[in-house]
Each structure stands twice: as structure tokens, then as C-alpha cells.
Amino acid sequence: MDSAKLDFSDIDYKYFTVPQSGWIRGDELNYAEWARQVGDERWSYKGLLPYFRRSEHHFELNADPEQHGFEGPMHNSSVSSSGRRYPLRETVLKAWKHLGLKEIPDANNGAPQGVAELVENRPDGLRQLTSNVYPLKGAHVMTETTVSRIILSDNDRYGKVATGVELSDGRHINIKSGGEVLVCGGAYRSPQILMLSGIGDNSELQKRGIRQQILEAPPPESGLAVGSLMFADPAFEKGNPVDWLATMTVPHDVLNAAIAQNEPDSIVDDNHVLLRGPRSHLEMNVLYAVFAAEQIGLDTPIDETAIMSYCLACLPTSRGSISLSSKDPLDHPVIDPNYAATKADRFVMQEGWRVMSRLMLETPEAKDLVVDEIVPDGHTCLLSNSSSDDIDTRINIGAVSCYHPPGSCSMGKVVDSSCKVHGVEGLRVVDASVIPVPLAAHYQAACRADCDNYSC
């Protein structure tokens, strides 16, 4: 457990791109919005369901075969099926039920609202790497190799055609006639590669001395940034120290008012994307360990006397951007996440804080368990009836990013519904950057299904 103290220390690399093991598909309504935006039902939950099943080796053989697969390469397991037994399991579940959330047997069926066991991709405690379970026969893998740009050639029929890539050492790798270049750099690097190749907003490209290759190319945009976790106690070797995952909506009347402030020219009613049905606005859980507390000035004991909770705003309306820091492909892109820039996002985060305060400090179960909240110097414990301004102050110093950045090469804007880059023949982007809407999910399962859908 002492290794948790190393987070954000001088010997921590502080990278923010470590994938986690959560196997959480998300809400069917999110996929419905994706399909609606791009006009293609292949990207609806029903359209992706065959690929969810095909990738999955589900832990419960009696699970619904319409929802789950049992022969796929990606093994998943729940907390209890992996043999973990945490002493606060029943207490935390009772506390969630006290707040009115119902226990559901399966949160990976497109309807995750309620409280369910966390499901992870960790057979025998080890997270599976895609490269280890999907065959690479016929693929030539080049490590320690950076692409500097995509080679685009003029073509009388198509205009621009991708014919290969240039590496950072100057070498060219050309593809055969009729082949394609697939960009799979993720939500941060894929837009960088496109921009280095002259695909992007001309004013942004001119700043770096790059000639625009595609006229009226849409500028990249980004979702949220990425964080990392670190646990070392042997008790956690089979997965994260948590039993339950809670998913819930927020009060629509207040959210409606917040949306109206951001969209004064829009009609905000029950057909608005954030209000259409019981949307999964918040994901929350209680972890039986504390990590990364030092970054917000907390001197927290790393032992059995302290636990922590988190709430994740799943459907952010704020949008950030990815831009170039230089022409050098080895330089990191400039990532502007633009967190909580809308009234709607602020309200959802405030509501999440209030829910966690009720759970941890006001339920009968918590009163027998929790002595107090550990707070930064100069601050006091917040309750569910604390003012929005006080909660905002704590959010500003205590919020961190979380794993799931989509949308920087959005389908419908940068690529079409077949992942083809607009204006270029033979070039596709196939990764989370094309997902045009937040999914209220942990994107691992979604990305497996998306890539499988593309390949078919």
C-alpha cells in the first residue's frame, strides 16, 4: 500500500495514458445517440451487440446469451467470481439501497442504472492485452517506430489518396494499390498524425508551417484527458479494491435549467439529448484504499483506516481540443480538455458530490462506519446541503481526469460512418477518437466492438 504514496512524486513518470481493466459497456441510449448523429444503425447498441458478444468470454455461464458471449478472447470477471471478499461489501450495498438505488444483476446489458458488481477484464488478476489474445498472423509489428505523417498523393479520380506513411527517421513505407492506411493512435495521437499530414484547420496548420492538403478539413476536438491508478497491496492483486459500481441519473428539472443557460437559443425539453430517457449521468463507487491524495494536499493514511469514493460525470457537454505543439512527431500534442466549461457539467458534478456526501456521511450505514471526511487545509467537511459555490471550490481543487478520451476525430465530422477520413481515399481512423458522443462507459469493451464492427 505504501506505493500509493509514490503517485505524482518525483519518481513517478506522471504519464496519463495507462489503460484500466473496467469492462463496462455503458448505456444503450448513448449508442442510440451515436447512431442517430451519424445516420447509421451499425453504431447503435443493437448494431454493436454481436461484436460485444464476440469479443467476450463472460464469467457467468447462466447469463443471458442474447447479451453476452462465452467463447471470445477477452475474459471478464466480477468481484465475487474472482474470489475477492471485502469486509465492507454488504455495508456499502445497504448504504446504496438506502439512497434508493436498486441492485441489478447485470450492468452490461445496455441498462446500467442501479448498483451492480464491478466487472473487470482480469483473468487470474492480470489485465489482458489485446496484442496477446488477438492473433497477429500476417502482421509485421515495428516497435520504437514513430510515424511523422501520412503520405498523400494526387489522384485524378479521388483527389487525394493515402499511399503510405513517412517515419520519423525519413523512411517511407508504401502500401499496395487498393490498400488502406489505418490510423489507430488513440484520441490524442490520431488527430496529431492527421494534422502533421496536412489534414486539419488551415490556421492551425499554418502556425506550424504545414501545408493544408484537404480543403475545409474539420478541426479536431477532444473529450476528457486520462489519469492513472497504482495499487500494490497483495490483497488487490486480483483487481481494483471495490465491490460495487453505481450508475444513476440526475434531477431533470435543475439540469433543464442549467442546459437552458448554455443553450439560450435552443428549445430544452424532454427530447434534448441529456434529458431523453433516464440518462446515465453519474458513475460512482467506494474504494477500500486511498491514492493520489497528495496532489490536492491531503495527508491521508495509506492503511485500513481510510477509504475513498469517487463520482464520474459520464456525459460531459464541454468539449476541448487537440492541437500541435510543433512539427516534430515526437513532441506531445497540446491537450486542452476544457473541463466543466458548461453549467450542465457543473451541475452534474455538484449533484454527484451531494450523492456521495449522503452516502458516506448521512446514511445509517455510513454513520456506523465513517468518522469524518479528510479535507484539504483551510476547508471544512461538506454535506449534501452545502452551497453550490462551496462544492465548486472543492471540485476545482480535487477533480482529476479519468481514462476515457473520445471524439477528437469524430464520426460525422472528421470521418464518415465507415471510419473513412473525409476528402481522402484509402485513409481511415479506427480507435476511440472517432466515437462522437460520450458513452457513460469504460471504453475498453466499446473499442473492441467498434474495431470488430469496422473489420467486418
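Positions of Cβ are set from backbone N, Cα and C atoms, glycine also.
Keep in mind that what you see is a predicted model, and the values were worked out from it rather than measured.
In TrEMBL this protein carries:
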type     : residues : note
BINDING  : VAL147   : FAD binding site
DOMAIN   : 186-200  : domain 'Glucose-methanol-choline oxidoreductase N-terminal'
ACT_SITE : HIS404   : active site, proton donor
ACT_SITE : HIS442   : active site, proton acceptor
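If you measure from the Cα atom of the residue listed as 'active site, proton donor' to that of HIS442 (active site, proton acceptor), you get 7 Å.
If you take the C-beta of the residue listed as 'FAD binding site' and look for same-chain residues 6 or more apart in sequence within under 8 angstroms, you find VAL165, GLU166, LEU167, SER168, GLY185, ILE193, PRO329.
For the recorded site, VAL147 (FAD binding site), the DSSP three-state label reads strand. The number of other Cβ atoms within 10 Å of the Cβ belonging to the residue listed as 'active site, proton acceptor', over all protein chains shown, comes to 26.
According to DSSP, the domain 'Glucose-methanol-choline oxidoreductase N-terminal' (186-200) comprises 11 helix, 0 strand, 4 coil. Cβ-based neighbour count (10 Å, all protein chains) for HIS404 (active site, proton donor) stands at 26. Classification of HIS404 (active site, proton donor) by DSSP places it in coil, neither helical nor stranded. Mapped onto three states, the DSSP output places HIS442 (active site, proton acceptor) in strand.
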